[in-house]
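Features of the protein shown, as given by TrEMBL:
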DOMAIN    8-80  domain 'Concentrative nucleoside transporter N-terminal'
TRANSMEM  31-51  transmembrane segment
TRANSMEM  88-113  transmembrane segment
DOMAIN    93-191  domain 'Nucleoside transporter/FeoB GTPase Gate'
TRANSMEM  168-190  transmembrane segment
DOMAIN    196-414  domain 'Concentrative nucleoside transporter C-terminal'
TRANSMEM  196-216  transmembrane segment
TRANSMEM  254-279  transmembrane segment
TRANSMEM  359-382  transmembrane segment
TRANSMEM  394-419  transmembrane segment
Amino acid sequence: MSIVMSIVGIIVLLAIGFLFSKHKKQIRLRTVGLALVIQFLFGGFVLYVPIGQEILFAVSNGFVKLLGYVSEGVNFLLGFWLTDASNVGFVFAFKALPVIIYLASLISVLYYLGVMKIIIRGIGGALKAILGTSETESLSAAANIFVGQTEAPLTVKPYIAKMTESELFAVMVGGLASVAGSVLAGYIGMGIPAPYLIAASFMSAPGGLLFAKLLIPETEKSVTFVKDGEVDKDDAPANVLEAAARGASDGMFLVLNVAAMLLAFLSIIGLINGILGWFGSLFGFDGLSLTWLVSIPFRYLAFLIGVPWQDSTLAGGIIGIKLITNEFVGYLELSKYVVKGENGVFAAWEGIQPITGTILSFALCGFANLSSIAILIGGLGVMAPNRRADVARLGLYAVLGGTLSNLMSATIAGFFFSIGGGVA
């Protein structure tokens, strides 16, 4: 049944994209079709093919070990609180979040050394050659695998002002279809399976381009051609130490932002749940909550992408909460069904079926939510003030594109899990 629903889900997601397409006659089947093929084949390789599973498992293990080194700094600063059982409430705030600072600093160093540029150029060039997308949107899509929705466009900053509407939209959708590598560490700290998060990050590049070009196909001639050395380097770090320091500083701002959003969103959700619970009790209904309300429309969507019907209400609620708040809140909800093993990493699912946990791990792995529209307007608006109005106008459309991309990755993951795949 799950196999059939996964196939139906893929068709439905493509149909939704086509239904909302602005220029249906201009859709390039080569771009859309090959993007889906890449997304599907990559998912199949790392989730079903034995050697692909081994590679993904090795990469995820290496990534987890890399993150483990943050304990050196955390234990030095907060060792007492992390070893005192009475302070378990501090574990997420002072153990999961600091990993973001560490990884942001490391990524900054890799950028300075040119390692990230080589990787992004390679992936972006491959996407351009296969899909026929422009170099700017391909580079931005590749960058989004590793960095966030405000950092990735910096790779094509000089060209944003002259981008076509379709190119600008592709940059926006790419940012919302993915997550930053630094916050990926925070999700792993919650117990979400690292292999699935890494696979979802790579699948977001073709997935984002797929739905960007399905929703707003190219109707203009691109005038942006990337040249080596043309990207602004006036503000580049002077040396590797400054790069590490800048990355740590950026990571700190990100941690404060994440902590503030979680504090605000979780508190507001708690308030709403309290009000709804009181109201429901007046009519003898004790289960009324915000999660239950948003699960009503989204449970059918969850079922369509392969979630078993008995888990569809729960899954729909988590997907809906993520869309109206952010992915951190969604993953916090999902983490309630995770059994952690050694070093606090994922060991098993509890209370939900494994396929449900797999699908949700992929479905939540993106910045596609309503609050991200403001981040896009702020980030891209500074880089190209003349495009601020365009970004605002396309914001909701970009959230739709990013969400469809995440759901497509989740559906593909569910398909391969149903036929015996999966590595977590």
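Easy rule for this one: first residue shown is 1, then count along the chain.
Glycine too: its Cβ is placed from the backbone N, Cα and C atoms.
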How does the domain 'Concentrative nucleoside transporter N-terminal' (8-80) divide up by DSSP, counting helix, then strand, then coil residues? 64 helix, 0 strand, 9 coil
Please spell out the DSSP helix, strand and coil residue counts for the domain 'Nucleoside transporter/FeoB GTPase Gate' (93-191). 80 helix, 0 strand, 19 coil
On average, residues of the domain 'Concentrative nucleoside transporter N-terminal' (8-80) score a pLDDT of 90
Sequence-distant residues near the transmembrane segment (394-419) by C-beta distance (under 8 Å, 6 or more away from its ends) are 2-3, 5-7, 9-10, 13, 16-17, 20, 36, 39-40, 43-44, 47-48, 165, 168-169, 172-173, 175-177, 196, 199-200, 203-204, 207-208, 210-212, 215-216, 301, 305-307, 323, 354-355, 358-370, 372-373, 376-377
In the same chain, who gets a Cβ under 8 Å from the transmembrane segment (359-382) while lying at least 6 residues past its ends? 148-150, 153, 160, 168, 171-172, 175-179, 187, 192-193, 196-197, 199-201, 203-204, 261, 302, 305-307, 315, 318-319, 322-327, 330-331, 334, 388, 391-392, 395-396, 398-399, 401-403, 405-407, 409-414, 417, 424
